[in-house]
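The transmembrane segment annotation in TrEMBL covers 35-55, 76-97, 109-131, 138-160, 180-202, 294-311.
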Amino acid sequence: VPSECEKYCGTKVGCTNIAYPTLVVELMPNGLRGLMLSVMLASLMSSLTSIFNSASTLFTMDIYTKIRKKASEKELMIAGRLFMLVLIGVSIAWVPIVQSAQSGQLFDYIQSITSYLGPPIAAVFLLAIFCKRVNEPGAFWGLIIGFLIGVSRMITEFAYGTGSCMEPSNCPTIICGVHYLYFAIILFVITIIVILAVSLFTKPIADVHLYRLCWSLRNSKEERIDLDAEDEDVQDAREDALEIDTEASEEKKGCFRRAYDMFCGLDQQKAPKMTKEEEAAMKLKMTDTSENRLWRMVVNINGIILLAVAVF
């Protein structure tokens, strides 16, 4: 009965949101109850911290450094933490939207948002690995067009509502008539077509920049030249200049200021400086993709076993 579901669960279409927590809290014995609650809270906290840290890093390194090209390490740290506070505020403000979307069914909401925003990223990743003809313009426009299509569907559903078997939605059929899981497949195919079309009409990336980065060149032993090698040289020079300025300012700080920086995580610890030979040896070791045949077979067999367990 919809009224009873809303009375006990907060939604008219079911109690799936509270089914598992209720099972854990009310039916399990005391020892297992505490264990399961700690596992649930630990997984929630680890997921949130990883998401916030990743988003903060992306904003700081990919956006803020373009705005403030001479920002110090301390400034980048502060900008990242302030952006994390903004994300927390947005997350709290987003709660009413989560409660109203997909008739309040949390699992359906998660799957629908993933279906709207995930396929373009998956398409770019797969083509970048298995098709060396894909280039930056193709990946960029594939992401942009796929993102616009997915966001258009998402905003339309938020505006009109998804409806239910008792209250049909007024969302236009041409937009919301396809189930979100089928929509994910269509969006994935559209993104692939856009990426390949743009890549074929633009300049390809030379193989010298792709060694060990795509499947067909994974076993290459040639030296790879990064596309942004010049930018990295400029970045290294800027970091060296900032390091000199930082060392000079560190000597002028008092004990209380140093304690404050250490407490807030703003102290800059000096890493050992490597020589050019050490850097080259480390880079060679990190880019080595050679595999031991025995351990490759062990990993493949374990992967097949895990797939079988997950499916069956």
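Placement of Cβ uses the backbone N, Cα and C atoms for every residue, glycine included.
Distant neighbours of the transmembrane segment (35-55): 21, 24-25, 28, 83-84, 87-88; these residues of the same chain sit at least 6 beyond its ends, with a Cβ under 8 Å from one of its Cβ atoms. For the transmembrane segment (138-160), same-chain residues at least 6 beyond its ends with a Cβ under 8 Å from one of its own Cβ atoms are 97, 101, 112-113, 115-117, 119-121, 123-124, 127-128, 169-172, 175-176, 180, 183, 187, 190-192, 194-200, 202. Residues 111-112, 114-116, 118-120, 122-124, 127, 131, 133-135, 137-139, 141-143, 145-146, 149-150, 153 of the same chain lie 6+ residues outside the transmembrane segment (180-202) yet bring a C-beta within less than 8 angstroms of a C-beta in it.
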